[in-house]
Amino acid sequence: MLFDQIARNKRKTWLLLLVFFLLLGLVGYGVGYLWLGSGFGGMILALVIGFIYAVTMIFQSTNVVMAMNGAREVDEQTAPNLYHVVEDMAMVAQIPMPRVFIVDDPSMNAFATGSSPKNAAVAATTGLLAVMNREELEGVIGHEVSHIRNYDIRISTIAVALASAITMLAVMARNMMFWGGGRRRNDDDRNGSSGLEIILLIISLIAIILAPLAATLVQLAISRQREFLADASSVELTRNPQGMINALLKLDNSAPMQHHVDDASAALFINDPKKESGLQKLFYTHPPISERVERLKQM
């Protein structure tokens, strides 16, 4: 099952690229048409920027994501308990030893990043290390190592990178629309536009408004099932379902993280780092803890 999931994740990587670059292209077309005088020129520029940003994030994802979350790298001497658990789980999973980081935050959470098992990293908060016992910590780290082994991290990294690029470009475009201006404003230009240009303009303007939401929904579409698989894979590594269940129950009672967590990188964490409520729950990247626990009990 795991090998099939790895193959599916690789296919999803290309599907994600197509969807996100389509959104980038549509937003870029609107910006280019209205402010650069060339819709297709804006589309090409947006795609080039998005491609460079995505490639940079993929190959620099570990350093970028760790810096965004204020993580510091540790080793066997500075954090022996965490280091040894990561080492053990990586050995069982038969992947290279990931780099190990700690985030100074009293909440309980952990995440992994990196484009492949060869350049991955695992991070845990000080709150998690203070509360979890050895079996629970193994469950959490096993979950993160499973993300690495199943190539979930590559999908998440691409989603984080391109969702951030789309959101940034869409926000810039909306600000430009709000303040007015632009080079493509006169009637002569508009009267000379072809029907295809008008249709693309309308679609791109809609994309400018909806792109951040669409990018979030794409992340949601792949994130929740990925969490279920990582929970099950962690139990496969530890042979201790109760340890994973106990860890999830403790995570469910954890407070939100105190430091700011970027919306795009929130999906990387084992538990929702913001603990939002109300309608915002509709956009959770993680399934409810209670549902995750029930699935583990059925194993």
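Any Cβ shown, glycine's included, is placed from N, Cα and C.
Remember, predicted model here, so these are calculated numbers, not experimental data.
Pulled from Swiss-Prot, these are the features on record:
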TRANSMEM  14-34  transmembrane segment
TRANSMEM  39-59  transmembrane segment
BINDING   H143, H147, E227  Zn(2+) binding site
ACT_SITE  E144  active site
TRANSMEM  153-173  transmembrane segment
TRANSMEM  198-218  transmembrane segment
Based on Cβ pairs under 8 Å, which of the stretches 14-34, 39-59, 153-173 lies most in contact with the transmembrane segment (198-218)?
14-34
Fewest other C-beta atoms within 10 angstroms of its own C-beta: which of the recorded positions E144, E227 fits that?
E227
Within the same chain, and leaving aside H143, H147, E227, name every residue whose CB is within 8 angstroms of the centroid of the CB atoms belonging to the recorded Zn(2+) site, in sequence order.
A112, E144, S146, D152, R226, L229, A230, D231, S233, S234, I270
Cβ neighbour count within 10 Å of H143 (Zn(2+) binding site)
29
H147 (Zn(2+) binding site), DSSP three-state class -> helix
List, in sequence order, the same-chain residues at least six positions removed whose CB sits under 8 Å from that of H147 (Zn(2+) binding site)?
A112, I153, S156, R226, A230
Could you say whether, by DSSP, E227 (Zn(2+) binding site) belongs to a helix, a strand or a coil region?
helix
For E144 (active site) and E227 (Zn(2+) binding site), the CA-to-CA distance in whole Å is 10
